[in-house]
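Data first, discussion second: the structure below is written as structure tokens.
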Amino acid sequence: MATLIHTLADHSDDVNYCAFSSSCLATCSLDKTIRVYSLSDFTELPYSPLEGHAYAVHCCCFSPSGRLLASCSTDGTTALWDTRDGRRLAVLQQPGASPVRVCRFSPAPAHLLAGAADGSVVLWNVQSLKLYRSGKVKGGSLMACAFSPNGSFFVTGSSSGDLTIWNDKMRCLCNEKAHDLGVTCCDISSHPVSGNENGFKYFQMASCGQDNQIKLWLILSADFLGIQLKYKCTLNGHSAPVLACAFSCDGQMIVSGSVDKCVIIYETSTGNTLHTLSQHTRYVTTCAFAPHSPLLATGSMDKTVRIWQLDLKEPCAGDPIENESKVAVEDWSEDDVSAWLCAQDLSDFVGLFKMNNIDGKELLNLTKESLANELKIESLGLRSKVLQKIEELRMTVSVPDEFLCPITRELMNDPVIATDGYSYEREAMENWISNRRSSPMTNLPLHSLVLTPNRTLKMAISRWLETQQK
């Protein structure tokens, strides 16, 4: 289920793009401004709106750390802003002064990509603010771009319909005619399709275009083969050109926005439509999933940005429930750690942890000594609170999957067996069957609502807990 929870109506003209960081939402518009909102309550930050572009702002994006915001405009520039106070740090002039349509930070925040209407593609060095590499697509405007999760390559899409894959030295690795009437957007899932086997890496990409279609692709990267782009399938659901597409953080969903005024959310693995949202009154120009929360933002020529809350536990009719894919804690980025701090009511420590480059691995290794001596947290009470939350996190990292309730994904305290043969936390299952008579795991009808205590599993969980306390 997708529920509309907020509508932002501060822009005075078409909304062109929206982007999330771990704590903020940025939007940009034909009205020449960028607006920045807090995700805690969707209030506009004190320094917003950001003004300085002479013409329409087409795109905006956050750096991996969330400390920088980039915006690009018809005025031929890409601007860099400090997200802490809204200061404009730099104005980067596109070669040829052509209108800049798209911008994107690389996962390793050394580079910023900017693509323009004349087909020029530029990589800027973010530290030196100097041009690092430049290139050009043939026969069209640069309309879309996306980096691979590891930053080893990026993809651009043009108005001529081509998808081009480049390495970070701006060498063209692959080119494919993708959409006959032009590419409008593309995105690469942050989750590989499969692990690294035999030197292969698989990445999943989505592209959309003026042909009303969304296409899914596999990008194969191998040391001895280079880069290969393979077509996977087409998602048909829109009745007009598709202007935007984006993967969810876990790669399990794709969202798209169209000239038909609709937003469609698809299940990536099957291509099935999960939700169709039709509240916008004009073309939907942009859509984005939040990286650390079940939020979706959609923007439109109706001058609004709509915020949707996604109920990820709600199954679609006929579909089995799939566990949400989660990044292992030890693989968390600094932004993931920031989001976890906010969720634990420890948001006051976000700046401190970022300043000390605390990622998931560092987080799990923190001790009371390092909190006091390295992070300089003077208050014993605050140190204890942080350490307690870290201890809870360490425990969840090592919990055997069979001890977790399939509904809540939390350690079970009172496990029961339902007539579908699966074990659940009693309270969670009772709440489930109070609203429906289907299995949470198979979505098939339950022949009986009787719940039988699973004493064997409860004893196993108790024994495991005892070993964790030693």
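Using the three backbone atoms N, Cα and C, a Cβ is placed for every residue, glycine included.
Features of the protein shown, as given by TrEMBL:
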{"type": "REPEAT", "residues": "50-91", "note": "repeat 'WD'"}
{"type": "REPEAT", "residues": "100-134", "note": "repeat 'WD'"}
{"type": "REPEAT", "residues": "146-167", "note": "repeat 'WD'"}
{"type": "REPEAT", "residues": "235-276", "note": "repeat 'WD'"}
{"type": "REPEAT", "residues": "277-311", "note": "repeat 'WD'"}
{"type": "DOMAIN", "residues": "332-396", "note": "domain 'SAM'"}
{"type": "DOMAIN", "residues": "398-470", "note": "domain 'U-box'"}
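Helix, strand and coil residue tallies for the domain 'SAM' (332-396), in that order: 47 helix, 0 strand, 18 coil [DSSP]. Residues of the repeat 'WD' (146-167) grouped by DSSP class, helix first, strand second and coil last, total 0 helix, 14 strand, 8 coil.
Mean predicted confidence for the repeat 'WD' (100-134): the pLDDT average there is 92. Across the repeat 'WD' (235-276), DSSP helix (H, G, I), strand (E, B) and coil residues number 0 helix, 22 strand, 20 coil. Residue counts for the repeat 'WD' (50-91) under DSSP, helix first, then strand, then coil, are 0 helix, 23 strand, 19 coil.
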